[in-house]
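These come from TrEMBL:
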DOMAIN    370-440  domain 'J'
REPEAT    17-50  repeat 'TPR'
REPEAT    85-118  repeat 'TPR'
REPEAT    199-232  repeat 'TPR'
REPEAT    245-278  repeat 'TPR'
REPEAT    317-350  repeat 'TPR'
SIGNAL    1-19  signal peptide
Amino acid sequence: HFGSFCLLFLCVSSREAESFKEQGNAYYIKKDYSEAFNYYTKAIDMCPKNASYYGNRAATLMMLSRHREALEDSQQAVRLDDTFMKGHLREGKCHLSLGNAMAASRCFHRVLELEPDNSQAQQEVKNADSVLEYEKMAELGFEKHDFRMVVFCMDRALESASACHRFKVLKAECLAMLGRYPEAQSVASDILRMDSTNGDALYVRGLCLYYEDCIDKAVQFFVQALRMAPDHEKARLACRNAKALKAKKEDGNKAFKDGNYDAAYELYSEALTIDPNNIKTNAKLFCNRGTVGSKVRLEHTAIEDCTKAVKLDETYIKAYLRRAQCYMDKEEYDEAVRDYEKVYQTEKTKEHKHLLKNAQLELKKSKRKDYYKVLGVDKNATEDEIKKAYRKRALMHHPDRHSSASAEVQKEEEKKFKEVGEAFTVLSDPKKKSRYDSGHDLEDDTGNMGDFDANNIFKAFFGGGGGQGYSFEANQSSGPGNFFFQFG
């Protein structure tokens, strides 16, 4: 009687389990995978030794992107029935989705042993071989720092291994190394949503923040990664570098604020050796060192450092501004205008517009005759200093003084004599001087400056005879201050 009862119970259980399976199938067809999963689970509970039930639930779990659970079900299915072809096929697909191409290949070859002409298994073998090949190429690319190649290989591999966190993390790390931080952050965040304890993904999040010069936040992620994976060497090294970089940079900043420029320069230089890959922080360090250079009047060195900064980070406005100011100090106005134009195109502020206009004005002024240089005086020279300078230069270049020189020398000295007179005409007149200093073209207001007579200016300044044939004998009064002169 007991045996009959057991047989009856098994028959009822089997029918009920089959009913649950059929309902699961119906939901699967409707793509309601959650309900299908529930019914396949009920079927398994009723008949835990039925391979096909595990196989069906594995298929459902795959559709729900729960590949690890799907792998367990498909493995249980083939343990119950080693000839269950769909079970081997699903196990292989789970392995491949999770990035284990070698295990996947073994499963697909088992299918081909059972059914040599199975076209799906044949294609899946090719897919597994491709993933293995892309893995090898990515490994070589990473060793050579060819991060673009690694990203390409991982993208191709992920087409078959869509659930492989290892491939995704490697791609994210290489995106970070390429400076594509938002993309890298997105990939790492996707992994952490599914697995919040993934040390590799935590490391990549930290790496992105570190390379974006958010060092304090980066350290927090590195510490968290090490908590989840104490042997994570990359996280350990990055954490050490981040702390060292921050400390060295802060020491340099303090030395700079204290006016200890030599120490600041050395500290920034030391900081630059810590991690060549940290582009944004290194750009700031180069700019900071350039600021030190400009403080000690080493404009050439400062320009070199600012140029290195913008090569690392072409969006770094501060470096362009610092370099432009150095060019202004060196009176290299063409270069200064180029930098200020770049800045104003990026950030159209009133301040940047003013800096650009000022550089353009100085450039315009630099292309005219520099009357201050002609007279040999500073731009802040007083009226008296301008007169003294004119007196000295006019006598130095007067044509009569060079009457015995060669025709070529006479011509050059006459030209200089005219330029001295022209300079004095402008700089001795407050209105003309003001307009000249403001960058106005004086020809627009006063006609052609070249038409004036330098001898008349000389005669008016020194008094007495003058002009062509002017006599320069000893002890002749020479105008203001009774300046006596003689050529000889």
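Positions of Cβ are set from backbone N, Cα and C atoms, glycine also.
Keep in mind the model is a prediction, meaning the values are calculated, not measured.
Cβ atoms under 8 Å from those of the repeat 'TPR' (85-118) belong to residues 51-52, 54-55, 58-59, 62, 67-68, 70-71, 74-75, 77-78, 124-125, 127-129, 131-132, 135, 157, 160-167 of the same chain, restricted to positions at least 6 beyond its ends.
Per-class residue totals from DSSP over the repeat 'TPR' (85-118), listed helix then strand then coil: 27 helix, 0 strand, 7 coil.
Looking just at the repeat 'TPR' (85-118), the mean pLDDT is 96. Across the domain 'J' (370-440), DSSP assigns 53 helix, 0 strand, 18 coil.
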